[in-house]
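Below is one structure, written out as structure tokens; the observations come after it.
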Amino acid sequence: QPNFGASLHILKVEIGGDAQSTDGTEPSHMHYENDENYFRGYEWWLMKEAKKRNPNIKLIGLPWAFPGWIGKGENWPYDYPDVTAYYIISWILGAKQYHDLDIDYIGIWNERAFSSKYIKLLRYTLDKHGLEQVRIIASDRLWEPISFVMMIDSELHGVVDVIGAHYPGTKTVQNAILTGKKLWSSEDYSTFNNDDGAGCWARILNQNYVNGNMTSTIAWNLVASYYEELPFGRCGLMTAQEPWSGHYKVESPIWITAHTTQFTQPGWSYLQVDGHLEGGGSFVALTDGLGNLTIIIETMSHNHSKCIRPPLPNFNVIPQRATFYLTGSFYMVETLQVWHSRLDFEYGNSSLFQQLHPLQVWKGRFSLDLNVDEVYTLTTLNTGRKCDCPEPPPPQPFPSNYNDDFNIRNPPFSEAPNFADQTGVFEYFVNASDPGDHVFTLRQVVVQRPITWVSDADQTISVIGNFKWVNMTVTCDIYIEKPRDGGVFIAGRVDNGGIYVRHSKGVFFWVFADGTYRVTGDLAGKEILMKGLAGVRDNAWHTLTLNIQGNSASGLLNGYPLWENVTVSKPGNGWAALGTRSFEFAQFDNFHVE
């Protein structure tokens, strides 16, 4: 929302590809070749909520992964570029048709290879469908080789509108400048959202332009709304990771953002001044071309502004008095509004986004005493505002007794709350043929390994609960759909997810369509703790119960003991989980963990 808090200019979303993209999987709008559904996942909702608050917010779509059918069995999206282009354009058209969302920019493949042939075909296909206004960003990786290839391929140069680099460390390269294209840091920040994260964000918001000529900086990620023990926990501009309690925290990076976003807009221009301050730190100046001027100053010290990547070379910042001279049309400016933040690393008593007394400008000249670890915004605009919001509800741990019967006729989302899919996609399902007990279930729906972005597991898995849990009982009704070699599991003390999901350990209780069962200490199924006959078959409902107490585990099938006294040593704690043996259809119902 403009003039409220972070007042963001851009929202960049993942085009879900049914595969792991750092902290979970996001569902594709086309799981299968003959399948289209523009109501999966949360991104449609998120974009609409953003547009409700700021109709002018720019929207960017970028795929991290693709459903397997696009590669026809190969882990590569460019063998059939026409298929990939059709898939991406379907997403853009679906955004408009079903949600009235206009996508402004489209990317290629996050932090992976690009194909010049595909990018050209994407532009051609966009134009053919009347999407001339959608601009192309490439390649969401490094400045090279995209800049060099654009310099030697004039057709590619003609179709790429923005060169987007990730974590550029505020620097660009000569080839990128020579292209004459807009240069963006199209993914940056990714840093724990305490005051050091705020320092990182303040520094790069300015210095990406001062050192690297970048006119946009995009933070991964918007809001940390995923289990904190997943990779890059709390690397969002704010934190809202307890949907069960409603607790959230507006972290300091939000107010650092406001210093830039509340006093500039897309379409404003950076003034071409050398923004390095003599005593260290930087400033940028922007104008709307209509007489308004905004200056943003930061004096972040080295040790309090390190981002997660790349490493930060040493530099010094000292207290200093800076004098600014306004010339040309700005010579007439008499007063500047002042907004100030000071990050206090000694006593943790930071002052964030406070309005100070206006600054008088005398004949185009003014001076400012700058301390270390400060941000100032000086502006001709009178619109700044620090929202006064009610206190959020207090934090609470995940409920220690939790169940979900998935009995919801018209769910607001395609996926059940609190389940965090880490490989595969688990969706609400209506079982029309069921006599009544299991009409509404949760179903794993990815049946072919996707074109992955990282090493997804070979099994599918969704985790839930409190990572600190030690002793627990997990119960779930399960339904294997795949004959012969199909299988499902329930699990506890699961210790890993996200990009590390392949290496998840825990206590896994498997049953298979061939009538056997297994207990393993890992998701991969290599560490076998117990095995035997269970008599489970496919296309029938069974109830699994897993009980873990101390260093002992036991399992029940349909309420009767199947195995017991299995010794479990590590991990000592972790989430509950459910999943399947392979990329296969399977259903779950009446999930309960205590």
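In case you wondered, yes, glycine gets a Cβ from its N, Cα and C as well.
As annotated by TrEMBL, domain 'Glycosyl hydrolase family 59 catalytic' applies to 1-262.
Annotation comment: TrEMBL describes E111 as active site, proton donor/acceptor. A simple way to gauge crowding: the CB of E111 (active site, proton donor/acceptor) has 15 other CB atoms within 10 angstroms, across all the protein chains here.
Residues annotated as active site, nucleophile in TrEMBL: E187. For E187 (active site, nucleophile), the same-chain residues that are 6 or more apart in sequence and have a Cβ closer than 8 Å to its Cβ are K12, N110, D140, G164, H166, Y167, I218, W220.
Under the heading domain 'Glycosyl hydrolase family 59 central', TrEMBL lists 270-384.
Residues or ranges marked as domain 'Glycosyl hydrolase family 59 C-terminal lectin' in TrEMBL: 421-594.
Over the domain 'Glycosyl hydrolase family 59 catalytic' (1-262), the average per-residue pLDDT in this prediction is 98.
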